[in-house]
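Engineer: Quick one: this structure, given as C-alpha cells, is what I'll be asking you about.
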Amino acid sequence: MLAMKLFTCFLQVLAGLAVHSQGALSAGNNSTEMEVVPFNEVWGRSYCRPMEKLVYIADEHPNEVSHIFSPSCVLLSRCSGCCGDEGLHCVALKTANITMQILKIPPNRDPHSYVEMTFSQDVLCECRPILETTKAERRKTKGKRKQSKTPQTEEPHL
C-alpha cells in the first residue's frame, strides 16, 4: 500500500518535471548547444535547505486513515539536500504550520465535505552531526535504565 502511494507521488512529480522540461526546451533556441550549469548554482540547489516534497495526508494524519482524501498527497517544504560531509545530515531548525482545504470522503462515500487540515512545514534547515544510536537502540537503553533503577530486595545473610 505504501509502495503504491510512493509510486503514485513519484509519477506525479515525474509528470510535473516532464511538462516543465518540455516548456524549457520549446522556449530555448533550436541550437544543439548545451548550457552548462555553473558550480555555485549546482551547489546552491543541492545544499541542505527546505525543498518542496509531496507528502501523503494519511502519513501526516494517521488517525484519519478511515477516510479518503482528495488530493491524497500535498506539497510541503521539507529539509533535504547534501551537507558536504558524511558525518552530517540535513535537519529542520524551524517549522511552521500551514492549513489547506482538502476534500474528505468517508468510507461510505457520502456525504463528502471540504475540511481544513493543518500540516507542519520545515522553514529553516541546517547540517547537524549524525547521532550514532538509532531510535530503537535508545529505547532499549532507556528500558535497561528503568529496570536498574527499581530497588532490588536482598536476601539477609544468615
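A Cβ is built for glycine as well, from the same backbone N, Cα and C atoms used for every other residue.
So Swiss-Prot lists these for the protein:
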- 137-148: compositional bias 'Basic residues' (COMPBIAS)
- Cys48-Cys90: disulfide bond (DISULFID)
- Cys79-Cys125: disulfide bond (DISULFID)
- Cys83-Cys127: disulfide bond (DISULFID)
- Asn29: N-linked glycosylation site (CARBOHYD)
- Asn30: N-linked glycosylation site (CARBOHYD)
- Asn97: N-linked glycosylation site (CARBOHYD)
- 136-158: region 'Disordered' (REGION)
- 1-23: signal peptide (SIGNAL)
Engineer: CB neighbours of Cys127 (disulfide bond) within 10 A?
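Structural biologist: Looking across every protein chain shown, the total is 18.
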Engineer: Using a 10 Å radius around its CB, how many other CB atoms surround Cys125 (disulfide bond)?
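Structural biologist: Its Cβ has 22 other Cβ atoms within 10 Å.
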Engineer: Given the recorded positions Cys48, Cys90, Asn97, tell me which ones have a C-alpha lying within 10 Å of the C-alpha of Cys127 (disulfide bond).
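Structural biologist: Checking each Cα against Cys127 (disulfide bond), the hits are Cys48, Cys90.
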Engineer: By a simple count, how many Cβ atoms lie within 10 Å of the Cβ of Cys83 (disulfide bond), its own Cβ left out?
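Structural biologist: Taking all protein chains shown, Cys83 (disulfide bond) has 18 Cβ neighbours within 10 Å.
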Engineer: Sort out the sequence-distant neighbours of Cys79 (disulfide bond) for me: same chain, 6+ apart, CB within less than 8 Å of its CB, listed by position.
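Structural biologist: For Cys79 (disulfide bond), the qualifying residues are Cys48, Arg49, Pro50, Met51, Cys90, Val91, Ala92, Asp122, Cys125.
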Engineer: In whole Å, how far is Asn97 (N-linked glycosylation site) from Cys83 (disulfide bond) when you measure between their Cα atoms?
Structural biologist: 25
Engineer: Can you tell me the three-state DSSP label for Cys127 (disulfide bond)?
Structural biologist: strand
